Structures are given as C-alpha cells and as structure tokens.
Amino acid sequence: MFQIENLGEAKFKSPLQLSTVRGDNIFNFVDDQDRLVYDLSLEAYNHCLANNKEPNCLEKAGPRQNLYFEPNTITAAIVTCGGLCPGINNVIRGVVMALHYFYGVKQILGVPYGYEGLNPEMGHNFVELTPDSVKDIHQFGGTILGSSRGAQDVGVMVDTLAANNINILFTIGGDGTLKGCNAIGEEIEKRGLDISVVGIPKTIDNDIDIIDRSFGFETSFDIAGNVLRDAHNEASGAYNGISIVKVMGRDSGFIAASAALAMPVVNFVLVPEMDFQLEGKTGFLEALRQRLETKKHAVIVVAEGAGQHLFQKDEIRKDASGNIQHDDIGIFLKDKIKDHFKEIFPITVKYIDPSYIVRSAAANSSDSVFCSGLAYMAVHGAMAGKTKFVVGRVNNKLVYLPISAVTQKRKKIDLESEFWFAVLQSTGQPFTL
Ligand code: F6P
C-alpha cells in the first residue's frame, strides 16, 4: 500500500559523513527497510497477529547511504502551485540549501508561476536559485517563485523537463498539484526518462489524507485565532452582541475548528462536515437564542464550506483547479440571524472575514521548523532516486508516502474523533446541532 517507487539502483556513495552503527554519537543513514507501522492501535496489531500478516508500514524519511544521482552532475527544479500558504519560501530555501550544502548540487532552477512555468507557451523564464538568493526568503509570506492554479499539458511539461536536463522536480502544492506531479511521474516512466518527481504537501486547509498535518496550516489557524480574540472583544462589547467570523478551509473545517480550540472564546463552530439545521428546536438559531439569553454575547466561527446544503444550487461553479466554489455562508448566516432576531430581541452583529490574511503571512516558528524538515527529507529521498512520493509527517514521524496514497480522497474532520469532541467541549455548542 505504501511502497515507494525508485528510478533504479542507487550506485553512488552519499557525500554525507554519517554513520551506520549505533553508539558513536553520529546520526545514522536511514535504510529503505527502516519502516514504521502505520496503524498504531492494538486492534490492528492483533488483527495482523491473528492473520499472520505484516502490518502496513511506512518508509522512514532520511538520508540514504547510496544515491541514485551523482550530485555534481544534476539539475534540480522547484515549482510552487495553487493558493498561497505560509512556509512556501521556507521549503524553497530548505530544498536549495540541502541540495547545495549537503550534496553539492550545482544547478537549481526555480519554475515561475506554478505548472504554467513548465509550459513554454506561457513565456515565463526559469530563475537560478542559489543559497545566496534564498537565504532570507523565509522571512516573507507568499512564494518568491509565484504560483498559479490549474493543469498544464503533461506531455508538454515533461518535454520541458527533458529539454532542460532537469533530473529532479520538487513540487510544492496541495491535492491538485500532487495529482499533477504524479501524472508527470507516470509520463516520465512511460518515456523511460531519468527524472524523479517529489511532492511536498502544502495547504492551509490541512485536507491532505493520511498525513498528520500539512505545512502552513498551523500558522493559518494561529492568525485566525487572533481574529477570534478580537471578534470576542467586539461581541462582548455590546448587549446581545454577536460576532461572526468566516474562515477559509474549502471542504474541510480544520482551520475553523483549530482556531476555535486555540482561542477558546468561540461558542459555535460550523464546519462543512456537519449538516446543521438553522430552524427548529435543535437548530442553530434556537441554540444561539439560548446562548444570548444566558450570556448576552456570542462568537460564531464558520468555515467557508459549511452549510452549503442550505443553498439552492442551480449550477456547480469550479475554480481552475477543479474545486467546487462555495456560496457565501458567512453573509448568508449574518442575514439569517438578523432576520430571525428582528421579532425576538435586539442584537448587534459584527461580521468579519479575514479572507486571504490567514494564508499570506510568513510561517510561524513551529511551521518554520516543520518546513525545513520536510525540505531536507524531500531532498534526501530524491537523491536516492525515489520518485512519485511525498514527504509528510505520520504518527509524528517524517516518512515517505506514494503520492497516489494521499490523493485518493481529501481529509475531513471525523465528527466522532477526539478532535471534534474537544471542539464541542471547548465551545459548549450542542452535540445535536
Ligand atoms: O486551498 C487553499 C485555499 O486558501 C482555500 O482555503 C480557499 O477556498 C481557496 O484556497 C481560495 O483560493 P483562491 O486563491 O483561488 O481564491
């Protein structure tokens, strides 16, 4: 299930001065056979024992003793795709530093404006990346390479990689980008080319399956948390004051729920994973009325993908990446609340949409550490000739996973999980909503 593909035999000795024995106080090379059990539950363990089966295991990330690529002969390229996310520049920096200083790779190219940069028709030119040109970029949000949404012709992109003698392509992006990366890898395989493709999962939505979290997510809910604190000041500053904060997250409610946990001033969290009702005894508006009656203020955080079942959909709109574009639940809720309370008692509503602010900032400290780790591990895996893989953290360990394993479906909040239970405990919102 988690088997990583390799371009071929790793024939070159790694230049890294690491160890192969324990006890000498020097970090050891990691072997492909160093594997970690995926499902840590006793139930899964017993199931394997009873069926005499080896458990599903993940390949541990890290420097390999033998390399597929001879470092000083190769060219690597980096592309950043999709929406912005805190930490992209940290990852670019980490990849460049690792290629240059750990392995002595001489040529590293930056692909401008996402996959568009691999289509010569778009007229974007590659940029040379060096330790000097990237050394300060971690201080800034966004991506120094620029980004774009949407697919490009896979054949054309592979032509471009081949024409520029690129041996490794690092793709930094979310679900669509990773699927694109896999398609590039398959075309490379079909043509029998010697090019490794690597994905580094990037999304504030935290919706990449299997991995614990994607980089940038934590910074985003950090920023959203600060907005919630201010929203609480607004709500509690008025009699029957209500603040509604809408946050990004597409079809998953992780930013909304995590921000609410980080800033425990929130009374209702509405996420796409729950089909809440507005009206009726167990509906949201009644729960809000009860909250106001007792506490005289309320903070609501709503994820952009929540409550889509409340809209009459005549047509499905999609963005360039093929993602469904949602109707505006924030404005809808604000209007519904105002209408509902007209006949009940006076309220004051403050509506806040931090929008792109949650994703365009520089990475916080925790994400910065995470981004460097991901970048270094991506480089180690690629130099060893692994391909069509992503680097991610699973059960708190950095591992390599086949791209195909993490792109089968998008991760969503499990409403029976401890995570969601913690949200309900923190907010006090009814379990039945
Ligand atoms: O996937 C990241 C994300 O920020 C989503 O949370 C949001 O729905 C979407 O991208 C917005 O994308 P765009 O940049 O196309 O407006």
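Using the three backbone atoms N, Cα and C, a Cβ is placed for every residue, glycine included.
TrEMBL annotations: computationally assigned, not manually curated.
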In TrEMBL, the residues Arg149, Gly150, Gly174, Asp175, Gly176, Thr177 are said to bind ATP. Which of Gly83, Gly249, Gly253 is said to bind at that same site? Gly83
Where TrEMBL shows Thr203, Ile204, Asp205, Met248, Gly249, Arg250, Tyr356, Ile357, Val358, Arg359 binding substrate, which of Glu293, Glu304, Glu315, Glu416 is named for the same site? Glu304
So, in DSSP terms, is Gly83 (ATP binding site) helix, strand, or coil? coil
Looking at the recorded positions Asp175, Gly176, Asp205, Ile357, which have a C-beta within less than 6 Å of some atom in ligand 1? Asp205
Taking the Cα atoms as reference points, how far is Thr203 (substrate binding site) from Gly176 (ATP binding site) in Å? 11
Near Arg359 (substrate binding site) (Cα-Cα within 10 Å), the binding-site residues in question, chosen from Gly83, Gly176, Thr177, are Gly83
Tell me which of the recorded positions Asp175, Asp205, Glu304 sits in the most Cβ-dense spot, judged by other Cβ atoms within 10 Å. Asp205
